[in-house]
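Following: one structure in structure tokens, then a few remarks.
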Amino acid sequence: MSALKKLFSKVLNNPLLKQSLWSLIARFVGVALNFLVVMIITNQLPKSSAGDILLLMTFITGIALISRLGIDQLLMKEVASAHQEDLDFHEGFFKASLKAVLFLSFIFMALWALSSHYIQANFFFDHIANSNINEKLPNVSITELVVASLGILFFNLVILNSTYLKAIKKTVMGVLGQNALTAITFLVLIGLFWNYFSKDQYVFYIYTASLLLAGVIAIIYTYRSFANKTAITTSTTETPDKLLETVSKTTTPPHLYALISKSLPLAPVSIISFLMIFTDTIMVGWFLANEQVAEYSVASKISYIVLFFLQAMEATIYPRLLNIFSHNKDKLHSFFWQSTALVITVVLSVTVFMYLLSDWILIAFGKEYDVAKSALGLLLIAQLFRAATITFSFMFIIREKVRYLNYILVTAFVVNVVCNIIFIQSHGIEGAAFATLVANATLLILIIALFAAHKLLTLPKEATQP
């Protein structure tokens, strides 16, 4: 009994485990709320309409991520690496990042609007065939698609705010902002406009309005924190001269062009990672009917529970890993392997648990969605492979070997696309899930191989000396 008590006390006093636990709780809240949204969609709307809105949510999330061009990754890297006392640099870099994201978002919103006819024709049409005609009827109007482009901008505001909070180690608030805020605003608006939503009316508008509301709330929260901050608190007034000198050198963030140029090498990591996750859904929408999109979306959403837990640990591990590499290299080796073991243990446990409960979980989305069980099983294994790469990927970024990581991601993405083309038409949604499994296995093998080849955890002797 005393041994268990001592172990429990040790866990509570471990900063990594303690912060990871709070992050997991926050992530679980986000998962639950997002699942509630999807369950309302699948139980209340016809399967074709459910497929439409789930596909739109995938598009908006993906295009928003692409439009950021790695700005959020750079924000995390720079702010988390800076001294905690350098509040002016934190605020300045956030505001510079915000300007860049606003600029890029408007460009991609315009591209979305200009492409709306193509998007409608290839993803939001029903095929109605009889003996005499093969006719296409639109499920979604051009106006709905153009208005939905606003979601790109406001979703980016949510993500940028969340990234900043995680970078300054307000991890729980960052995780809640990223995962729970958009779900909360969507649920609130669904409730307010239930008479329309329940009749499959104005669903796209309600979703877009929820992103607008979430983005406004996120930015107001961050700017209020800036207004209330003090440059250096009483407890830090005796900061050593060397630290103050270091802080003063980092208070000027780059201008717009320089910021975007600096973020571009990080962009493929985020973009291809997203494409690796969501290409299957988009290609199912391309090759199959939107009923199958709904089925595959449900299976993929359930498998993303693994990624939600992974992102919760990422929010804790990555900023600490950056800080340790910058200021405390002698602890890098032990922290890296401790983090890797934690990730694999948690994700493996979640994967097994999710598969054992898969029958009951699928029924919660509607009895007609139980056909997605095989796809779900393949996707859960695929996400486990992906999770095993996360800490290794961090070291490529930290050691400025991002181009090698980009090569690996591009290779895995090409494998994913080719496998989707081969397997979706012959095996349906199971083919898409198998494509993800093969691509993630390729990703894991290549990342570990190059990690070992470049000895990314081995530091020069002088770097480890105090």
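Just so you know, glycine gets a Cβ as well, placed from its N, Cα and C.
Sequence annotations record features per position, and here TrEMBL assigns transmembrane segment to 21-41 (among others).
Per TrEMBL, transmembrane segment is recorded for 53-71 (among others).
Marked as transmembrane segment by TrEMBL: 100-120 (among others). Sequence-distant contacts of the transmembrane segment (100-120) (same chain, six or more residues past either end, CB-CB distance under 8 Å): 59, 63-64, 66-69, 71-72, 138, 140-142, 145-146, 148-150, 152-153, 156-157, 160, 256, 259-260, 263.
Positions annotated as transmembrane segment by TrEMBL: 140-160 (among others).
Distant neighbours of the transmembrane segment (172-196): 22-23, 25-27, 29-31, 33-34, 36-37, 40, 155, 158-159, 161-166, 202-203, 206-207, 209-211, 213-214, 217-218, 221, 308, 311-312, 315; these residues of the same chain sit at least 6 beyond its ends, with a Cβ under 8 Å from one of its Cβ atoms. The annotation transmembrane segment is assigned in TrEMBL to 172-196 (among others).
Annotation source TrEMBL lists transmembrane segment at 202-223 (among others).
Feature annotation from TrEMBL assigns transmembrane segment to 266-289 (among others). Long-range contacts of the transmembrane segment (266-289) within the same chain: residues 48, 51, 54-55, 58-59, 61-62, 65-66, 68-70, 72-74, 77, 122-123, 126-127, 296-297, 300, 304, 307, 386, 393, 397, 402, 405-406, 409-410, 412-413, 416-417, 420-421, 424-425, 428-429, 432-433, 435-436, 439-440, 443, each at least 6 residues beyond the stretch ends and with a Cβ under 8 Å from a Cβ of the stretch.
Sequence annotations record features per position, and here TrEMBL assigns transmembrane segment to 301-322 (among others).
Positions annotated as transmembrane segment by TrEMBL: 334-356 (among others). Beyond the transmembrane segment (334-356), the same-chain residues lying 6 or more positions past its ends with a Cβ under 8 Å from any Cβ of the stretch are 16-17, 20, 24, 302-303, 305-306, 309-310, 313, 317, 320-321, 324, 376-377, 380-381, 383-384, 387-388, 390-392, 395, 457.
The transmembrane segment annotation in TrEMBL covers 376-397 (among others). Residues 73, 77, 266, 269, 276, 299-300, 302-304, 306-307, 310, 313-314, 317-318, 321, 336, 339-340, 343-344, 347-348, 351, 354-355, 358, 362, 404-405, 430, 433-434, 436-437, 439-441, 443-444, 447-448, 450-451, 456-457 of the same chain sit 6 or more residues outside the transmembrane segment (376-397) yet have a Cβ under 8 Å from a Cβ within it.
Per TrEMBL, transmembrane segment is recorded for 404-425 (among others).
The feature transmembrane segment is assigned by TrEMBL to 431-453 (among others).
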Residues of the parent chain within Cβ reach of the transmembrane segment (202-223), under 8 Å, 6 or more residues beyond its termini: 45, 49, 52-53, 56-57, 60, 94, 98, 140, 144-145, 147-148, 150-151, 153-158, 160-162, 164-165, 177, 181-182, 184-186, 188-190, 193, 196
Contact call for the transmembrane segment (404-425) and the transmembrane segment (431-453): at least 3 Cβ pairs under 8 Å, seq gap 6+: yes
Contact yes or no, the transmembrane segment (301-322) and the transmembrane segment (21-41), 3+ Cβ pairs under 8 Å, gap 6+: yes
